[in-house]
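Listed in TrEMBL for this protein:
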type	residues	note
DOMAIN	24-285	domain 'NADH:quinone oxidoreductase/Mrp antiporter transmembrane'
DOMAIN	286-338	domain 'NADH dehydrogenase subunit 2 C-terminal'
TRANSMEM	12-34	transmembrane segment
TRANSMEM	60-80	transmembrane segment
TRANSMEM	149-167	transmembrane segment
TRANSMEM	198-218	transmembrane segment
TRANSMEM	238-257	transmembrane segment
TRANSMEM	277-299	transmembrane segment
TRANSMEM	319-340	transmembrane segment
Amino acid sequence: MFNNSSKIVFMMMMIIGTLITVTSNSWLAAWMGLEINLLSFIPLMSDSNNFKSTEAALKYFLTQALASTVLLFSTLLLMLNNNINIVINESFISMMMMSTLLLKSGAAPFHFWFPNLMEGLSWTNALLLMTWQKIAPLMLISYLNLKNLLLISVILSVIIGAIGGLNQTSLRKLMAFSSINHLGWMLSALNISESIWLIYFMFYSFLSFTLIFMFNIFKCFHLNQLFSWFTQNKIMKFTLFMNFLSLGGLPPFLGFLPKWIVIQQMTFCNQYFQLTILLMSTLITLFFYLRICYSAFMLNYFENNWMMNSQMNNFSMNLYLILTFMSIFGLFLVSMFYFML
């Protein structure tokens, strides 16, 4: 992506669009930032070597344009309600805004576009869609006080994210459903405190980057490619699947820490019903991660030598090992640092 100077410009514009939305003090300015972000991300998705990327860009544009249109309409209604003596139900306007922002972030029940879109993206663009593109909608959702609608989205997101990943063979779709599940946790954290969802988001982004960094190097897109990785080098395969389990939130890995914080805060707020559903969905996600690990280690596969012809230089290897070390032992390091203070 970064070899093309024009794509660097679009990348900068995408970042600026998100910053405009996050720092704006009016809904109209926030909408403008979302549009700048959208129109900057679409050129980044286009790839002449991947015919699916054009289809993905069109799907993304149509979905986001629909959400942006409804959001602008809702914003205008809100402005009319404040400035002119027209009686409009503000809760209905807020529900429209919340629905469009959930659609933009890919949360259930507005997730229909997200897994299919991920299938047509490169790993770099998939990472951006899973992480950076969620910041602006989630920040705007935190301004709306609609706890009941948010609760419905949380429950549907964690259930669909968990069950949807059970029968997937595509790694990009697997990561998409994992992202929907984690988005449910983030929305649940957002319902409690703005700082907690940001902490969860940072940990989730780090763990997603660690996995996708490896997938991108080896151009790995399907589970059968994972199984035939490193049949001689078991340590590399072991680190990869430890990262999977860390992303799933299995103790004592780093991925458990943000879930631990959310569980603690939800317990303080007496949200036991919601917490039970979140934990049950996490068990399902851990089940299919463990099933992948079991299949990769216990079954015999022929190693695909053509896959090993990758761009894994010393820098990439060292960076991956550092990221993996932090992913596996990060919980211990954070705990030690906390008790030393």
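Cβ atoms here come from the backbone N, Cα and C positions, even for glycine.
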Beyond the flanks of the transmembrane segment (60-80) by at least 6 residues, Cβ under 8 Å: 27-28, 31, 34-35, 38, 41-42, 45, 86, 88, 90, 93, 96-97, 99-101, 103-104, 113, 117
Folded-back contacts onto the transmembrane segment (12-34), same chain, C-beta under 8 angstroms, at least six residues removed: 40-41, 44, 68, 71-72, 74-75, 78-79, 97, 104, 128, 132, 135-137, 139-140
Surrounding residues of the transmembrane segment (238-257) on its own chain - C-beta under 8 Å, 6+ positions past either end: 178, 203-204, 206-208, 210-211, 214, 226, 229, 282, 285-286, 289-290, 292-293, 296-297, 320-321, 324, 326-332, 334
Folded-back contacts onto the transmembrane segment (149-167), same chain, C-beta under 8 angstroms, at least six residues removed: 95, 98-99, 102, 107-109, 111, 115, 141, 173-174, 177-185, 187-188, 190-191, 274, 277-278, 281-282, 284-285, 287-288
Surrounding residues of the transmembrane segment (319-340) on its own chain - C-beta under 8 Å, 6+ positions past either end: 206-207, 209-210, 213-214, 217, 239, 242-243, 246, 251-257
For the transmembrane segment (277-299), sequence-distant contacts whose Cβ falls under 8 Å of one of its Cβ atoms, 6 or more beyond its ends: 154-155, 158-159, 161-163, 165-166, 178, 181, 184-185, 188, 223, 226-227, 229, 234, 237, 241, 244-245, 247-250, 259, 262-263, 266
